[in-house]
Structure formats: structure tokens, C-alpha cells
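The structure appears below as C-alpha cells.
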Amino acid sequence: MKKLQETRVRIWFLIHSILSIIYLSASASPTASPLCNNGLKVEHPNMTSDVTEIEGKSFDYIIIGGGACGCPLAATLSEKYSVLVIERGDSPYGNPTILERTKFGYPLVETNKYTSVAQEFVSLDGVLNYRGRVLGGSTAINSGFYSRASDAFIKKMGWNEKMVKQAYEWVESKVVFAPETLSPWQSVVLDGLLEAGVLPFNGYTLEHVEGTKLSGTIFDVLGKRHTAADLLGGGNAKNIVVLLNATVSKVFFHHEEGEEPRAKGVKFIKSDDDTKKSYKVHLKKQENSSLPKGEVILTAGALSSPQILMLSGIGPSKHLQSFNISVLANLKGVGNRMQDNPAISLLVDSKPKSRVPDTPQVTGITENFKVILESIIVPVSKGLTRVSIAGKLAFPASTGTLELNNKDPRENPLVKFNYLSKDEDMEYCVKIHQLVEGVSMSEAVSVYLGSERNRLEKLGKEESKEYCKKNVSTFYHYHGGCTIGEVVDKDYKVYGIKGLRVMDGSTLVESPGTNPMGTLMMLGRYQGLKILEGRKSS
């Protein structure tokens with residue numbers, strides 16, 4: 001009976017995959033958008049690392065951070081207004097460790113303090129983590145797996161469902177692809193998930209549905225990565241300037257007594273310049289007035305956005321004063337509700353080997369959407385990789401905090417996520433460990449790896465708890481620090497400040513879907529359209 005059921009699933013998978021690929025080849029193939037260009041190099045024309053070209057100039061919008069949300073936001077606003085994107089890292093184009101699927105993971109083993117495309121940080125919990133430092137943000141260093149948020153999440157956010165769908169489709173038409181074939185290892189993972197009971201099998205879908213499924217990827221059929229930076233090409237090139245290798249040190253304001261402060265511009269430094277010489281760029285002024293008319297929008301991510309707010313005098317007053325920072329707004333929520341999804345992984349191969357890195361094409365969603373399972377082959381050093389099967393807790397109860405470590409915006413702030421500090425999180429961690437064990441010890445994995453299989457032993461509940469305590473890790477989906485309702489309103493405007501918004505993972509109280517990448521890219525497009533709509537009606 002079991003073999004008959006598996007045969008039916010495999011036949012259904014083949015039919016569903018063929019139909020999905022036929023459908024998606026028309027809407028998300030490398031030739032469906034001029035940006036994709038059959039995987040060839042794409043570069044935005046208005047990019048510079050020369051700060052003297054930008055210093056003293058004025059723009060309608062200044063976007064801090066050219067990542068998952070910032071790039072589509074800039075492209076959308078550029079339809080009507082001038083936009084400056086300030087990115088602390090370099091361009092992703094021409095860098096094979098970013099663009100080639102076979103080089104996946106290498107940026108994580110080639111880090112340095114100020115210029116590498118991945119910036120390493122270790123939370124106060126002792127867990128190693130990474131953040132993108134390149135145009136495209138973490139979409140340039142992640143595993144590229146693309147999936148939408150759940151319908152429940154979209155309803156909870158109060159977003160316009162029709163506009164959300166259109167914004168997702170705009171993103172997908174430019175940087176998302178259906179896998180034409182599964183890699184040998186991902187085929188094994190698919191079988192292992194089904195064998196472990198992660199059902200039903202849903203075939204190919206971008207929707208967040210429970211069971212095992214295939215989903216989209218930002219790697220095209222030639223194995224070339226399409227980061228969020230490609231979305232800049234969807235805007236008006238004449239209205240976008242991207243300043244690379246520049247780190248924002250603070251936002252500065254126009255402030256008259258009795259009135260709310262209004263963002264006026266930003267100060268920045270060269271990312272690799274230890275002299276810390278600063279430069280300024282301004283928002284355009286209102287007609288016949290000295291007041292700025294545009295907005296500064298922080299899209300710098302869950303670590304940098306709260307950090308820049310604090311450096312600008314917005315945050316818990318006592319903490320800011322301890323660094324001799326003048327308090328502009330005592331917003332106690334800045335740096336609060338930091339959260340990362342605790343993860344457990346098992347290495348299923350017995351030792352490092354020179355396998356080609358492999359990104360996820362298959363995912364398992366189970367336990368009422370609370371557990372996400374995936375597998376990768378990831379470099380551990382130059383030329384050597386390990387095979388990992390991992391699971392994360394989608395909705396942890398544990399939260400933490402972010403604080404300044406110093407006043408250098410290039411350095412990591414102090415962050416503690418308090419992984420598994422709530423009993424319910426630990427209970428789910430045990431379930432995740434057992435599920436990962438089930439996939440790792442499946443017949444599919446055992447047969448494929450053969451003598452190279454890591455001889456794992458099934459642990460009891462108490463042993464699993466100990467394993468979780470000692471080995472908790474991350475899927476790199478950390479969020480919070482500028483959450484909606486505490487730091488920003490539903491339109492992402494910072495409370496008590498005019499002309500300043502935050503729009504990125506720092507505003508989230510949970511990570512949507514299997515991962516937040518698709519939803520953050522959608523959010524940039526969606527909110528950009530809302531801003532244009534608001535200015536049109538005002």
C-alpha cells in the first residue's frame with residue numbers, strides 16, 4: 001500500500017510539474033523580462049561610488065539600503081520622482097560568487113570587517129549569523145528560495161489583497177523562475193519529506209500551503225542569480241541614482257520648537273574609509289519654502305534600520321544618552337521585539353567533500369504552518385561542502401533586543417534574540433528535531449548517500465531538548481526592532497517624525513511564508529504604489 005501511494009504521488013508530481021513549467025515558462029522565464037536577459041549581466045546605468053558626485057545634491061526620496069525592499073521601492077517611486085539609493089556595499093554584477101548557483105554559500109566563508117558582500121555577526125546568544133552588504137542585500141547571498149506569504153498574514157497586515165497580488169506578480173515577472181528540473185539531491189529531499197509524512201504533496205506552487213511543495217527561485221534556468229537589484233531596471237532610469245560603498249551615519253532634521261521634527265537629509269561616510277569623513281545629501285525643498293518636501297525611507301534591514309534611528313536620536317532616551325546622542329524622539333520601541341526563528345540542522349553526510357553547492361527547490365511545511373523544513377549543500381571552506389537538512393520554528397514566542405555597541409554605523413549593533421527562552425519554543429524545537437531526524441534517516445537519504453551517510457541515532461525527548469539547547473542555529477530570517485504599532489504606523493511612518501519611514505524586515509513581528517524575501521520585495525512595490533497614490537490625491 002505504501003509503495004502504491006508513493007507511486008501515485010510521483011506520477012502526480014510529474015504531471016503537476018510539467019503543467020507548472022509550461023504555465024510559468026510564459027510568465028517567469030528568462031526571456032519574459034528584459035531584466036532577465038537569459039541570465040546575462042544586467043547593470044543599472046546610474047551607479048557610482050564617487051561620493052563627490054552626490055554630495056550636496058537634493059532628491060525627492062532618499063532610500064537607505066538597496067536590499068529586498070529598497071530596490072523595488074526605488075523603482076516604483078522613480079516613475080514620478082527623483083530617487084537616491086544609498087547602499088553600504090558594492091554592486092553584485094560581475095561577481096560570480098554572488099551570481100552563480102554553483103558558488104552558493106561562498107560569500108559566507110569569505111567575510112571581512114568592512115567590505116565583504118556578507119557581514120558576519122554573532123548574537124549575544126552565541127549564534128553565528130550573516131547580513132547582506134551589497135546592492136540587492138541578502139537576496140545576493142541567500143539560497144534564493146521564493147515563496148509568498150500566507151493569505152492569513154496578508155489579512156492580518158490589513159493590506160489590499162488585489163494590490164498585493166499585483167505587486168507579487170510584478171516582482172515575479174522580473175526575478176522569479178520555476179525550477180525546470182530538480183537537482184539530484186533535491187529529488188532525494190522530496191522523497192525524504194514524503195517518506196517522513198510531510199503531506200500532502202502540493203507540486204509546484206508559490207502559495208504558502210501546508211505539506212511538501214516545490215516553489216520558485218531567483219536563480220534562472222542557467223543557474224544565474226537575479227537579486228533585488230535587478231528590480232531597479234523596472235523603474236525610470238533617469239530618475240534613479242545608486243550610491244555604492246557608502247554607509248549612512250545619521251538622518252538629520254529640520255526642527256522648530258513646538259513642531260514635530262521633519263527629515264531634511266542624511267549624512268554618510270565611505271564604507272571603507274577609516275577617517276570617517278562625512279558627507280551630506282538633502283531632500284528637495286517645498287516650493288517657496290525652506291522646508292523639505294520629500295521623505296527619507298529606511299530599508300536597511302532589521303539590524304541597520306533600528307541602529308540608524310538610534311544614531312539619529314530616535315530611540316530609548318536613556319540608552320541614547322549613554323552614548324551622548326541628543327534625543328530627538330524617545331521611542332522606546334526602537335530595538336525591541338527582535339526575533340529570529342530558531343533552527344535545528346543535522347549534517348547527513350559523514351564528512352566534508354567537494355560536492356557542488358545546492359540550493360533548496362523543495363520545502364516541507366507542517367505542524368499547522370509552524371515548522372518549515374529544507375535542505376542545502378553548503379560550503380564550509382573553499383572546495384569543501386556539507387549536506388544539511390534543517391527545520392525552523394515559524395512563529396517563536398521568544399523575543400529579544402537590539403542596542404548600540406558604539407557609534408560606528410559600519411559595525412554590528414548588539415543583538416540578543418533569546419532563542420528558546422519560552423517553554424513553548426523548546427517544545428517545538430524538540431518536534432523540529434524529530435522531524436529533521438525522520439527525513440535524515442529516511443530510506444531515500446540513506447540509499448542516496450550510501451556509505452557516505454552520517455550514522456545518526458534517534459534521540460529521546462530529553463536528549464532532543466539538550467541537543468536543541470546546544471545546537472540552536474538560524475535560517476537568517478531575523479526581524480523586528482522597528483515594529484508596526486510601536487515604532488511605525490500602518491503606512492510605515494515613524495511616530496512623531498515627519499518625512500521619515502521604515503520599510504523592511506525590522507517592521508515585521510513574524511517572518512512571512514517560508515522566508516521573508518518575496519514578501520519584502522512585494523512590500524517595496526506595494527508601498528511605493530501607495531505613496532504615489534497618496535501624493536496624487538493630496
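Cβ atoms are placed via backbone N, Cα and C, with glycine included.
Look at TrEMBL and you will find VAL134, VAL248, GLY505 tagged as FAD binding site. Cβ-based neighbour count (10 Å, all protein chains) for GLY505 (FAD binding site) stands at 29.
Around CYS468 (disulfide bond), the same-chain residues at least 6 positions away in sequence with a Cβ under 8 Å from its Cβ are PRO342, ILE344, LEU420, MET426, CYS429, VAL430, HIS433. Residues annotated as disulfide bond in TrEMBL: CYS429-CYS468.
What TrEMBL lists as domain 'Glucose-methanol-choline oxidoreductase N-terminal' is 301-315. For the domain 'Glucose-methanol-choline oxidoreductase N-terminal' (301-315), the number of residues in each DSSP class (helix H, G, I; strand E, B; coil) is 11 helix, 2 strand, 2 coil.
The feature signal peptide is assigned by TrEMBL to 1-28.
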Name, in the order they occur in the sequence, the residues of the same chain whose CB lies under 8 A from the CB of VAL248 (FAD binding site) and which sit 6 or more residues away. ILE64, ILE86, ARG88, VAL266, LYS267, PHE268, ALA300, ILE308, PRO409
Students should find that the Cβ of CYS429 (disulfide bond) has, within 10 Å, a number of other Cβ atoms equal to 27
So how far apart do the FAD binders VAL134, VAL248, GLY505 get, largest Cα to Cα in Å? 18
Listed in sequence order, the residues of the same chain lying six or more positions from VAL134 (FAD binding site) whose CB sits under 8 Å from its CB are GLU87, GLY89, ASP90, SER91, PRO92, ILE98, VAL117, ALA140, ILE141
